[in-house]
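TrEMBL annotations:
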COMPBIAS  502-514  compositional bias 'Low complexity'
DOMAIN    55-479  domain 'Ammonium transporter AmtB-like'
REGION    492-514  region 'Disordered'
TRANSMEM  54-75  transmembrane segment
TRANSMEM  87-110  transmembrane segment
TRANSMEM  140-159  transmembrane segment
TRANSMEM  166-188  transmembrane segment
TRANSMEM  208-232  transmembrane segment
TRANSMEM  253-271  transmembrane segment
TRANSMEM  351-371  transmembrane segment
TRANSMEM  383-406  transmembrane segment
TRANSMEM  426-450  transmembrane segment
Amino acid sequence: MDTATTTCSSVDLAALLSSSSNSTSSLAAATFLCSQFSNISNKLSDTTYAVDSTYLLFSAYLVFAMQLGFAMLCAGSVRAKNTMNIMLTNVLDAAAGAISYYLFGFAFAFGTPSNGFIGRHHSFFALSSYPERSGSDFSFFLYQWAFAIAAAGITSGSIAERTQFVAYLIYSTFLTGFVYPTVSHWFWSSDGWASASRSDNNLLFGSGAIDFAGSGVVHMVGGIAGLWGALVEGPRIGRFDRSGRSVALRGHSASLVVLGTFLLWFGWYGFNPGSFLTILKGYDKSRPYYGQWSAVGRTAVTTTLSGCTAALTTLFSKRLLAGHWNVIDVCNGLLGGFAAITSGCAVVEPWAAIVCGFVASWVLIGFNLLAKKLKYDDPLEAAQLHGGCGAWGLIFTGLFATKRYVNEVYTGDRPYGLLMGGGGKLLAAQIVQIIVIVGWVTVTMGPLFYGLHKMNLLRISAEDEMAGMDMTRHGGFAYAYNDEDDVSTKPWGHMAGRVEPTSRSSTPTPTLTV
């Protein structure tokens, strides 16, 4: 909606209304009419701000609801003896993340004026003078906090079932208070050195990196952080047998995985379309029905198509590779498609989103095969899904972003997708983003996890891991269960594990004792 108005002049209006018999009355009438026009204009402006703020708040609520999705997904993906532990870590991500983002994170991300590397204005720390010294409102803080804790939730999945509780407290606070905010400043702040929304138009390669809703800023940051945590800790006991073959330590509830997936799917409609931040903005005066509200709808469509394509591709691909229809794989494929489209959801055509989801599925499958070969253990495939598919999403945007949508979302004539005729500048900016995110998270989170490991604060003891953290660390099991993979139920002290099928046959190989 275009809220620009022409100034009403009572003198000019009086000249149109005046008659030779009563010019004084004409001036009074003109003054009254102008005052009414001014009141209407002010009310329209207030209404625009109110609608935009409500839209952003509703989007923040949807993104926050994704925490429930993460909790259900994580709970279903781990063994029953660790359910309370993983649920508690998800609550902790939100709670500790709120305090650290309030005190430091928001200022590091969006404190302005600042330099290109990090926000630093004192009025944004602990929201001391916010929003008086900014152009936004508290709804913006809430929305960005929901994004920050999403990154921390991704990391918790990679190191599930073997991590000390104090390690969660430390890494979650550090990630949401410093590591993630710095990256979001680079690519989303108007002062960020690689932001596509820089206020001074001094853009990286004349384009800036387009990461509309966070394939890199959120998903890669959380995924790469989880990668280093899992690498430092090593695999769970029994994940690989003595001969190096992969043993399936399956999660205890496919129902919770599916529930969590649908909740995340629902929340993604706040994650991607909500990243416009406003909705009442017109694009073309000749078409008053077309505006940012149209782009919001298109973004929801591209998000849906990418996720659904990835889910179907994973379904049939895993059927050919493993010989069975696996709902867990389909859920992960769906989420991989969502993570990939998050970068370019606002600047690509719907048909391109199908390409994005198709490739994202194979990216996830490929990284999972590589993880098994390297004996890397990630219970939720978080590093492969969010890190790998997030990186593909950035490259996809550099290939398929359309000129029209790029110029609508990011004002000005600028480079767009390579395969759409826009040259290679945007793709170059996207590749730079991938490199710097991997580097930044590596030099910050890698040493943190290694330091925790050296201080014996990272991994629990073998005895606690075998018995399950619910019993040894949290006062009892979440519910009564019979876990086939739980060594604590075996009187002879060994764990019976299933070797994952290596052929198309759905029949598992004989049980191994490890």
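Residue numbering: from 1, along the chain as shown.
Here the Cβ of each residue, glycine as well, is placed from N, Cα and C on the backbone.
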Give, as a single whole number between 0 and 100, the mean pLDDT over the domain 'Ammonium transporter AmtB-like' (55-479). 93
Which residues of the chain, 6 or more past the ends of the transmembrane segment (208-232), have a CB below 8 A from one of its CBs? 147, 150-159, 163, 171, 175, 179-180, 183-184, 187-188, 194-198, 271-272, 274-275, 339-347, 376-378, 382-391, 393-394, 397-398, 401, 406, 409-410, 414, 426, 429-430, 432-434, 437-438, 441-442, 445-446, 449-450, 452-453, 458
Paired segments the transmembrane segment (54-75) and the transmembrane segment (253-271) in contact, 3+ CB pairs under 8 A: yes
In the same chain, who gets a Cβ under 8 Å from the transmembrane segment (140-159) while lying at least 6 residues past its ends? 56-57, 59-60, 63-64, 66-67, 70, 73-74, 77, 86, 89-90, 93-94, 97-98, 101-102, 105-106, 109-110, 127, 130-131, 167-168, 171-172, 175-176, 180-181, 184, 214, 217-219, 221-223, 225-227, 229-230, 233, 271, 274, 277, 378-380, 382-383, 386
